[in-house]
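What Swiss-Prot says about this protein:
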type	residues	note
ACT_SITE	GLU86	active site
REPEAT	599-622	repeat 'LRR 4'
REPEAT	987-1010	repeat 'LRR 16'
REPEAT	1013-1036	repeat 'LRR 17'
REPEAT	1045-1070	repeat 'LRR 18'
SITE	TRP82	site 'Important for ADPR cyclization'
Amino acid sequence: MLTSSSHHGRSYDVFLSFRGEDTRKTFVGHLFNALIEKGIHTFMDDKELKRGKSISSELMKAIGESRFAVVVFSKNYASSTWCLEELVKILEIHEKFELIVVPVFYDVDPSTVRKQNGEYAVCFTKFEANLVDDRDKVLRWREALTKVANISGHDLRNTYNGDESKCIQQILKDIFDKFCFSISITNRDLVGIESQIKKLSSLLRMDLKGVRLVGIWGMGGVGKTTAARALFNRYYQNFESACFLEDVKEYLQHHTLLYLQKTLLSKLLKVEFVDCTDTEEMCVILKRRLCSKKVLVVLDDVNHNDQLDKLVGAEDWFGSGSRIVITTRDMKLLKNHDVHETYEIKVLEKDEAIELFNLHAFKRSSPEKEFKELLNLVVDYTGGLPLALKVLGSLLYKEDLDVWISTIDRLKDNPEGEIMATLKISFDGLRDYEKSIFLDIACFFRGYNQRDMTALFHASGFHPVLGVKTLVEKSLIFILEDKIQMHDLMQEMGRQIAVQESPMRRIYRPEDVKDACIGDMRKEAIEGLLLTEPEQFEEGELEYMYSAEALKKTRRLRILVKEYYNRGFDEPVAYLPNSLLWLEWRNYSSNSFPSNFEPSKLVYLTMKGSSIIELWNGAKRLAFLTTLDLSYCHKLIQTPDFRMITNLERLILSSCDALVEVHPSVGFLKNLILLNMDHCISLERLPAIIQSECLEVLDLNYCFNLKMFPEVERNMTHLKKLDLTSTGIRELPASIEHLSSLENLQMHSCNQLVSLPSSIWRFRNLKISECEKLGSLPEIHGNSNCTRELILKLVSIKELPTSIGNLTSLNFLEICNCKTISSLSSSIWGLTSLTTLKLLDCRKLKNLPGIPNAINHLSGHGLQLLLTLEQPTIYERLDLLRIIDMSWCSCISSLPHNIWMLKFLRILCISYCSRLEYLPENLGHLEHLEELLADGTGILRLPSSVARLNKLEVLSFRKKFAIGPKVQYSSSMLNLPDDVFGSLGSLGSVVKLNLSGNGFCNLPETMNQLFCLEYLDITFCQRLEALPELPPSIKELYVDEHLALRIMEDLVIKCKELNLIAVTKIEYQNFYRWLDSIWSDVSELLENSQKQQLDDMLQLIPFSYLSTAKREEVLKIVIHGTRIPEWFRWQDRSATTMSVNLPEYWYTENFLGFAICCSCCFYHSARSYDVEFEGSMHHYNYDSSYWKEYEEPSYDFYERDSIEITAKLTPRHKGMRTEELKKVCSFSMNVLRRATAVPNMCFAFFPFNSLCHISNLQANNPNDYGIFETCLSPGDIRHRGKQWGFNLVYKDETGGSVTHEMLINR
């Protein structure tokens, strides 16, 4: 038997698929005997099936445990559904890279199989007639035949002229060749690689005929070779020949390139080494011999251009359809060789990294409980690098906790040698200046801005453009959002190299700093110094470190970074080396720099939080300085003279409290890009003129005392952001019009601003808010096509400019909370580009003179005096209007009769228009209406014409808010007629229906005709005692508890799509009384919530029905409560993950699924609510002991999108070929908020089919899975009162359900 089979834990080498009546006693019989004679363990159904076994299950299992599948196509093969199902399974495993398919065309042409014509067409005609209800199955059969027929195989009639003996011998040869050829990959290696292979497959473009070269690149140990192996195994049988040359770089350490050329040719042509002594001559031979062959070649770990030139020189070396795959650490090699596509392999995501580590450290996908915390430390250390995960996982396999702890401590100082050696290979190939750049980044500058680094390296003479480019191409660093980054382990490697330098030039470790500054270390060699921890210094040592005597010895010091506070050290610094290029000194204690400090090549200077009063007297020539940061220097009273700092790009003076003015020369810095002076609260004056032509950002935020803005020169065309928030500026100069590129103008809380120049309309976006003294806006002279967006909030204007219509490009206008505005200019008609008009809470606005024709979105939220759109002619022109939002408009008592003319309206929101009591009868003419939102209105009846709204998807007539700000409650809902929604049944397009808080007794029987309905909310409908039959499309149901208990069983059975039931506890008639009592007597509410109503509800769920083959979705229930039922066998209060070893035979035919329950308290960020009831307001606070018990102040759940519960089954033993089964369900915050701010119980039932489809059970025994794990995320949930647990659910003798605990007791 071939050893490869047993090595991989496979039961068979070859699986034979054939039509018995055609070939069992002829071709297949002979092939089977030949395979057995050669020692190839072969599965043939009549030879291997054991008595009493299910034939189908046995076959499926045999396919999954085979290395090869030989499919013998004969005339009657397609007539057997058994054969076709077998073929589908073969293809499924083949596409997971785990099975090699060898098609044999016995007495049919390959095109007959591929196209299903001839004899196969007759079979499929019958199938399509007999399997009308299962067309998907027929399509799967067709697809499988087509795909397998496209694999290179053996055509007995045409290739072998009918000679069965020759054909069988060639099949044997191919199998032997491919056993030696195919590169093994364990399941552990494939973690996280599936998505990468999918992407690489798309880059190969197997559908194209030409030659295609694909490059795979990335840092060492990231998984390039693994990806290439998986890709090779997936596709090599589609080529005439294939060769995987592994580790070319290492291979050439022991052999010549000529030898490698000969190896490549020998493997591709299956010939002996050719007699040749010259690489150039060998190139000619390779091209001549391979130019007509379709080949797959993988060159792994290439590191030199010559290797590519001599092995895969050009496209014309290979035949049409050939594919060349190259893996390398150096992307530049791929560019130089003109590969068609490149793909970078990235490190693993956290969950994938944990899985890979577990498979090596524990030989399974889940860890042992006591190692979980340490596991995360190790995985975080690796940064998701597969090599590191494998090495450390194998190192810690079967070790105890003490060894783990010791290893983690050791890794901090001495990284694992094998990992570092692999990473260092790329570093060793660098030029000296490239090595210097890399070491500077690793020791000091990871995460720094690329522009700053370029300036530093240029001043250091390191050729930064070429150097940084090379480091990126070799995967040693990467650029992310203009910052230079590197992998954690790459930084460890770089720092390790820096420590081993002799003498040390870069000092970054605290233990080395002391020796460097006051010890015997050669100080004259030091180029970089990082000072981080003063605690290491004894009394007097810190003073010496900063003394002139010590610092004068650091003559070559380029980089000085001090990150800590001085902590009692107040002595002046007497000396700083003039060699400094980068000086970063936080909390510098001196008032100024030493007088002899002349750093002529200084590039970067930051002195955040220092005691500097002035940097130096007079002007200094600092021609290389690009960044000066003096932020939080609270004593700074004077800025330097900038006349000789001509290349300054960024000047940051943020929060310099004592600064009254800046040097006038700042206005003439031609290269200045950023000037940040925010929170300079004493600043009174800027230079009279600013002509910094490169300036892009000017931030004067919170400069309260700044009264005047300077004149702007014409060359100021690059400024994009100007922030004047909370300044004391009274007016802006007309010359501001020269800021032609301004995109972001912030004028928030400019309390002294009284006027704006007309040039303000030259800016694209204008947002003016809380400018209390601004009484008017300037007129627009002539048409202006600049301003696109205008937002006015809390300003004191009484009207818009009469010339507002001249803003011909304005497309967004929002006027919010402007309490004095009473009218809009009639020229608003002229806003021909206006698509959005929002008039929000402008309570004195009396009329809307017109609506521009282009309007798309019209909002009049909260308007009190607006005489609604009564003009009969305006609707004829509003063909583009899609959204009308008139919510909270208490003045509206009716909608215009002509609203029906808005035929393209999609959303109509009239919620909380309390005086609105009816809808127009012609509402049904809004034939494109998709959402009708009428919450909290006085509407008592839907017009019959709504039956015509055949595109309506959302219908909401909620009569109250869920608990939250401004809760509104109306007694009108108690007396609604039962036929208020009589037309519902005709709204077949409705997807979401909200009837919460209504007082009707019945819903129409036609509800079951809402075939698209997925969301139904009937909470707080106290008078509703029963439900009509609901449509089977329902997915989410929000319902009161009294109703849920009555309908649960019937609902689950009939609504096949149902996956969420959210249950509320509060009875409608007690709603107001409950609000009054919740804050004063919370303990009683809490006691009631713990009556275990969930237990009663769960007894009603037909779990047996949920576990049928047709139901694969998780059922979720949300209900009030704090304690989970006792029958949840495995429970926890602290951990967010639980893992248990299942009993040996936990799975039986009666097993239904896994039940998981979690109690959590989700609360609102508001601390009080206003409730309106029959005209009076009531205010409620909930700062009670109850909330203090359940709140976690450091965590607000509303910042999360959802809470997720995961169920996962893992194989019992290592080496099993079964993959883990996993299913995730989520409870969105929108659902959990509806539980009225009391503790929630989240219950999830995972039918076994949701983890493992019933068809998979034919190939896998569920009892092979011995570990069940469930986790609750987000994983940082840490609030008091949380409890959760799970159990296994089985079917009992009566058809009901029992838990595993109950089963054991029986």
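Yeah, the Cβs are placed from backbone N, Cα and C, and that goes for glycine too.
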Cβ contacts under 8 Å made by the repeat 'LRR 17' (1013-1036) with residues that lie 6+ beyond its boundaries
958-960, 974, 990-1007, 1043, 1046-1047, 1051, 1054-1060, 1062, 1064, 1066-1069, 1071, 1231, 1234
Three-state composition of the repeat 'LRR 16' (987-1010), taking helix and strand from DSSP
5 helix, 3 strand, 16 coil
Based on DSSP, tally up the residues of the repeat 'LRR 18' (1045-1070) by helix, strand and coil.
13 helix, 5 strand, 8 coil
For GLU86 (active site), the same-chain residues 6+ apart in sequence with C-beta under 8 angstroms from its C-beta are SER17, LEU59, ILE63
Count of other CB atoms lying within 10 Å of the CB belonging to TRP82 (site 'Important for ADPR cyclization'):
15
How does the repeat 'LRR 4' (599-622) divide up by DSSP, counting helix, then strand, then coil residues?
0 helix, 4 strand, 20 coil
Helix, strand or coil at TRP82 (site 'Important for ADPR cyclization'), per DSSP?
helix
In the repeat 'LRR 17' (1013-1036), how many residues does DSSP put in helix, strand and coil?
0 helix, 4 strand, 20 coil
